[in-house]
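Report on one structure; see the data block that follows.
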Amino acid sequence: MNDFKKVSESLETALRNEFDFRFATEVSLKEISRWRIGGPAAVFAEPSSINEICALLAFMKNRPEPVVVVGGTSNILFDSDGFGGLVIKLGENFSNFIIEGSRIRAQAGASVPQLVRAVATEGLEGIVHAGGIPGTVGGLVVMNGGTQRRGIGEHVTKVLVTDAEGSIRELNANELQFTYRNSVLKNSETTVLEVELLLKPGNAGELLAELETILDQRSQKFPEDLPNCGSTFLSDPAMYSIVGPPGKAIEDAGLKGLRRGSAEISMQHANFIVNHGDASDDDILWLISAVRKEVYSRTGFVMDCEVLYLSYSGDFRPAHEVADEQWPDIDLVRN
């Protein structure tokens with residue numbers, strides 16, 4: 001019996017002895033990955049309540065195996081070797097939201113596109129710009145995601161989170177420390193459970209028309225026919241003012257179409273890396289490192305990733321850090 005199978009069976013047995021809900025073993029992370037990349041998770045669970053999530057986290061604190069909580073996976077690159085612990089997925093049981101006047105309470109697993117359309121239909125303005133962003137509300141809040149130089153944090157009033165030990169607490173907007181594409185939640189051991197937003201009254205017809213325009217523009221501008229994680233690199237305001245957004249910098253460096261294995265810098269939009277079929281995590285990481293080095297050599301700006309890399313052992317950090325460690329000597333400088 002190989003080590004992975006031993007880990008999987010040992011952890012599953014321990015979990016089943018403690019909990020009475022369903023666990024699955026050796027579940028392919030490729031099937032839940034927006035990039036369609038990833039090996040098997042030793043054990044996989046989709047809890048049905050906040051209490052179950054907290055209980056699982058508390059239990060895993062005393063186990064040697066790693067644990068991670070994921071939502072829509074739009075900003076995650078999974079290790080092609082898999083994950084040697086417990087993956088907790090915020091699925092359909094955490095996808096609800098309630099609109100009460102101008103205030104919205106959304107579970108972390110709620111779909112961003114569905115939420116945006118619902119609030120626009122109700123005539124509430126403020127987050128239509130995020131209508132085409134794939135993924136879930138929890139992930140959007142962690143990254144302070146958005147478009148048009150805006151972020152969801154502008155409208156967040158409070159967030160319910162749990163720490164790595166399963167203890168719940170509420171954070172207000174000031175405590176969340178939102179900055180451009182960042183928050184105190186990023187790179188922390190907290191998991192977002194619920195989010196409260198406060199929007200402003202607007203015109204439903206105008207908001208829905210704006211949403212359709214945004215979606216139409218995205219469909220023309222961004223690759224939708226191949227698996228991808230959305231924007232790979234963060235837009236740096238300083239770089240933006242001189243060079244432009246990451247996609248332009250990558251395109252100007254002549255890197256559109258650069259390929260390794262089945263992974264490619266999209267010909268449609270250079271800030272997207274697409275999977276043509278059987279790309280590996282190494283393929284993606286190699287492209288990330290190559291792009292960073294080439295753009296830096298031409299512009300003097302270092303582009304960081306929006307994407308986080310989840311290793312087999314549970315290391316969870318920005319993909320560019322892993323990429324540069326694995327591929328320190330790439331030299332693609334072109335005339």
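Quick reminder: no glycine exception, Cβ is built from N, Cα and C everywhere.
Straight from Swiss-Prot, the features:
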{"type": "DOMAIN", "residues": "36-202", "note": "domain 'FAD-binding PCMH-type'"}
{"type": "ACT_SITE", "residues": "ARG181", "note": "active site"}
{"type": "ACT_SITE", "residues": "SER231", "note": "active site, proton donor"}
{"type": "ACT_SITE", "residues": "GLU306", "note": "active site"}
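In the three-state DSSP scheme, GLU306 (active site) falls into the coil class.
Model confidence over the domain 'FAD-binding PCMH-type' (36-202) is summarised by a mean pLDDT of 94. Every protein chain shown contributes to the tally, and the Cβ of GLU306 (active site) ends up with 21 other Cβ atoms within 10 Å. According to DSSP, ARG181 (active site) sits in a coil region rather than a helix or strand.
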